[in-house]
Amino acid sequence: PGSELKVTGVDFLKSQNTRLHHTDAYNIKNLVVRRGQAFQIQLSFSRELKASDKLALRFGIGEKPMKPRGTLMSLNPRREPDLSGWQISIVKSSGKECLLSVTSSPSASVGIYNLNVKTGTNIYKPENGDVYLLFNPWCEDDVVFLDDEAQRKEYVLNDTGYIYVGSAYSIYDRPWNFGQFEEFILDACMYLLDKSSLRLSSRRDPVLVSRAMSALVNANDDSGVLLGNWSGNYDKGTSPLDWMGSVSILQQYYKTKKPVNYGQCWVFAGVLTTVMRCLGIPSRCVSNFNSAHDTDENLRVDIYLNEFGEKLNRMSLDSVWNFHVWNDVWMKRTDLPSGFDGWQAIDSTPQEQSQGAFQCGPCPLKAVRDGDVYLPYDSKFVYAEVNADKVYWVVKNVRGKDKYIKISTETQGVGVNISTKAVGQDKREDITAQYKFPEGSEEERKAMQKASSFIRPAGMGIRARFASTMSVDDMDSRPGVLHETVSKTGLQLEINNTDALYPGNPLELAITVKTSVPGNWTINLAGSCQLQSYTGKIEASLGYIKETIKLEGNSETKVPLKIAADSYMKTLASVEDEVLIHITAIAEVQETNDKLTKETTMRFEYPPITVQMPETAKLNEEFACAFIFKNKLNVPLDNCKLLVEGLGIFKMATFNQGDVKPGRIIKSEVICTPTRVGEKKIVAKLTSAQVKAISVEKAITITD
């Protein structure tokens, strides 16, 4: 016999394979491929390959790869196909070279496979022999298959985007850099897979993987990626508002293996989107406005007001957040009856435990919409977030005891304007209809009835912290679906601002009271203005009005509510969160005892940051980018910081600008050297003691 066959080299043909697998953007030395799709490997031998030679490519995953466990695939191009569903074939063999094609199973476990090549008794271990295998939305046999190229580009490959925040009637976009292709991000995701309690065989299933990742992105019970903090004090870390994307968070976590300080809901959702897209599961950030955080899953949130209409923090066990952000991931649900494939909600913000851990989902959107809230996972919780009713109570002190008077019920205020970034466009898409049927429709009524049969009936008892010492007025104790308060006078309330809401200016607000039914009406109006954080927590009460109005028939009157700047500027500077302006009005018609409440939340307006840079630039050639901000407010901005980041252009940078007096202009410049071609985005953010969230982004096209 001739000399024994030895392998002298392995070429992973990285550039051609990664282009075909849509993995060429990953910043990593190793080969990254997607499951269920062929990739090629070129072997070099010590001599020509003969028909009698023994040859096997061995792909192993985990600590101790073993064939019986399905963690070692030994692929021989001349033998029967491997039972694992992996395939191998010789594309061409000439001289001492042999080109092989390998196709992994479309249901293979996702992770890092080590390759070695066995010829006879020799084993060759190539350098960088770790091959990263991901989910494949381009493969029809993969359960994450997404049959739309524009959607795959957005939900898998787009590394920038927006997260929608603010309040239901003043929604704004916060640019976010997902950065799933940046250095160490893929390794951080692989580390999270190893850290999860998932068996290797469970890592083939995106349902289990996405659920495990929703637990690991928060640090609550598993020292995961991010520690949540809603206290308003972020000295021991980074304020949630200062992050511009997921990259620095995941890189820091991977380096230290310790939770990063601090996150709030949009940060958790941004990082979870990065992890999902990085692993190959289509994902989007979803913002739910007026999101019910109902600790009791009884579809009811109780809101307690004093007689001036000011919300009382101390009473509430549950709350309505101005917005809450979670994620949708796309997959088939082979674990459920048919009809629940497609988008599934997952949530990594730690709110309550599910099966003993802070995790949430995946929950089919169709189950939420249809009221099938018995389906896994956590569908009751998600259903309540978008469908709870608000019940308003006024708390009056009568002879030293709190007395609770129910004033109204609102059935349509929760779960509105559910938003995500549109596919292929820099704009908001409203996806409320994917979560709920139109308010008041027959389908909505049916879904509500179905859901209510699985959720404990609310009863109309009081749920407040001090429930033992109080008397209750106007209590109808019948459970079931609540009805909107309908008025005998056609009473309506509107709240708006009559001037721009700039920090440092007085807040000029107005409450309009309308009646539309003939008659003479005497109306007691109370209206209050408070500052609150996005979770609905009241940070300060700024002022109120209380007056009695007379209206006749079909008429209206406008009552001004003016708040002086110095009554809120201290709070603005002392709370490290972005605060919103919250106005509540209560109207009571004396003649009929009709009562109505209305609340609205507005955000402050800010001067813009402008970006000066060319529209195009060349790969690896320097260009300058300038950020300019003029303080047009009539108050100084203390301790200003400008944060900038551009994926594929420059790493995150911080410029400390000190105190910026009214009228002063600041300018910072970055010299950029682009490392990747295509359309890239530069994001800048300005934070200060008084103003937390001015951001801007600008696109630039990088060419060869």
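Here the Cβ of each residue, glycine as well, is placed from N, Cα and C on the backbone.
What TrEMBL annotates here:
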ACT_SITE  Cys265  active site
ACT_SITE  His324  active site
ACT_SITE  Asp347  active site
BINDING   Asn387, Asp389, Glu439, Glu444  Ca(2+) binding site
DOMAIN    257-350  domain 'Transglutaminase-like'
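The helix, strand and coil residue counts that DSSP assigns across the domain 'Transglutaminase-like' (257-350) are 18 helix, 40 strand, 36 coil. Considering other CB atoms within 10 Å as the measure, the emptiest surroundings among the binding-site residues Asp389, Glu444 are those of Glu444.
Neighbour density for Cys265 (active site): within 10 A of its CB lie 28 other CB atoms from the protein chains shown. Among the recorded positions Cys265, Asn387, Asp389, Glu439, Glu444, the ones whose Cα sits within 10 Å of the Cα of Asp347 (active site) are Cys265.
Excluding the listed site residues Asn387, Asp389, Glu439, Glu444, the same chain places Thr411, Gln412, Val414, Gly415, Lys436, Met448 with Cβ atoms within 8 Å of the centre of the Ca(2+) site Cβ atoms. Rounded to a whole number, the C-alpha distance linking Glu439 (Ca(2+) binding site) with His324 (active site) is 20 angstrom.
A 10 Å radius around the C-alpha of His324 (active site) takes in these recorded positions out of Cys265, Asn387, Asp389, Glu444, in sequence order: Cys265. Of the recorded residues, Asn387 (Ca(2+) binding site) and Cys265 (active site) place their C-alpha atoms 19 Å from one another. The average pLDDT the prediction assigns to the domain 'Transglutaminase-like' (257-350) is 93. If you measure from the Cα atom of Glu444 (Ca(2+) binding site) to that of Cys265 (active site), you get 28 Å. Residue environment of His324 (active site) contains 27 other Cβ atoms, counted within 10 Å of its Cβ in all protein chains. For the recorded positions Asp347, Asn387, Glu439, counting C-beta atoms within 10 A of each C-beta gives the highest total at Asp347. Across the structure, Asp389 (Ca(2+) binding site) and Cys265 (active site) are spaced 22 Å apart at their Cα atoms.
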